[in-house]
Amino acid sequence: MTTHGETAATSTPDARALQEGIAEFYDQSSGLWEDIWGDHMHHGFYDPDSNVSGSDHPAAQIRMIEESLRFAGITDDPAKQPKTIVDVGCGIGGSSRYLARKFGAECQGITLSPVQAGRANVLAKDEGLADKVSFQVADALKQPFPDGQFDLVWCMESGEHMPDKAKFVNELARVAAPGGTIIIVTWCHRDLGPSEEDLEPWEKKLLNRICNAYYLPEWCSTSDYVKLLQSLSLQAADWSERVAPFWPAVIRSAFTWKGFISLLRSGLKAIKGALVMPLMIQGYQKGVIKFAIITCRKPE
């Protein structure tokens with residue numbers, strides 16, 4: 001699940017309703033997430049063979065950032081480090097602040113949630129990063145940036161909220177600088193087989209229940225993203241096994257006393273989201289839901 005609140009341009013009533021639902025969902029639930037899990041509002045990256053303890057989850061979320069950078073070929077070589085970054089679906093800015101500190105980069109984050117943007121700016125100021133990192137409410141499919149501005153376009157679990165995936169990836173490519181890197185880490189449904197035209201009815205029913213709770217449009221597959229980005233130098237991988245411990249841990253945290261009280265304070269949308277968490281586990285276990293990373297580089 002993305003906890004980052006981005007979606008499409010408000011050109012239709014359905015798109016506007018989706019935007020409003022996403023913004024309200026994250027306005028209500030972001031404080032709950034921060035209270036329980038901290039400022040990194042995304043999956044962790046785990047060793048499938050390890051025994052995962054509760055204390056490992058914050059470190060696993062940092063590993064997700066580092067492994068994503070490694071997969072994309074972004075090294076610690078100062079000459080190759082990004083200096084300008086956009087965080088598309090920034091949540092409360094955890095990735096932005098981490099990347100700004102790591103690379104000494106300037107980072108701009110966008111979200112549909114005014115609560116997230118406000119909290120992200122407060123945290124940046126508190127951590128002494130206000131001169132490097134800033135956040136605003138903006139549409140991921142109509143970004144308020146000129147062409148070719150960013151060395152790194154970072155999309156950590158925001159793509160699943162985009163109803164127009166082609167417009168989404170085109171906008172990412174537009175704001176990327178020549179030679180810049182695009183990193184998309186996102187939920188997908190499984191790739192269809194050669195003889196399949198659609199998912200099975202039970203699979204669509206499961207995904208629709210998740211969509212209704214988390215304000216998601218129709219899902220796509222990793223191969224759909226690959227087709228959309230095929231003009232760029234691209235690589236992709238299935239990291240589903242690497243995130244398997246995440247949702248069970250989220251459920252356990254929700255049913256602690258602290259989690260229960262925070263959930264009740266967060267409102268009906270957050271409670272509705274919590275109730276479908278077991279469906280995410282079911283989707284991963286049955287191979288319907290895939291957790292994918294897709295990276296590409298814009299031509300010079």
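All residue numbers here begin at 1 and follow the chain in the order shown.
Any Cβ shown, glycine's included, is placed from N, Cα and C.
Heads up, TrEMBL stuff is auto-annotated, nobody curated it.
Across the region 'SAM motif I' (85-94), the model assigns an average pLDDT of 97. Residues annotated as region 'SAM motif I' in TrEMBL: 85-94.
Across the range of the domain 'Methyltransferase type 11' (86-184), the DSSP-based residue counts are 37 helix, 32 strand, 30 coil. Positions annotated as domain 'Methyltransferase type 11' by TrEMBL: 86-184.
Taken from TrEMBL, the feature region 'SAM motif II' covers 148-156. Long-range neighbours of the region 'SAM motif II' (148-156) within the same chain, counting only residues 6 or more positions beyond its ends whose Cβ lies under 8 Å from a Cβ of the stretch, are 2, 4, 42, 64-65, 68, 74, 82-89, 95-96, 99, 105, 172, 174-186.
The region 'SAM motif III' annotation in TrEMBL covers 175-184. For the region 'SAM motif III' (175-184), same-chain residues at least 6 beyond its ends with a Cβ under 8 Å from one of its own Cβ atoms are 68-69, 72-74, 82, 84, 86, 143, 145-156, 159, 169, 225, 229, 232, 292-300.
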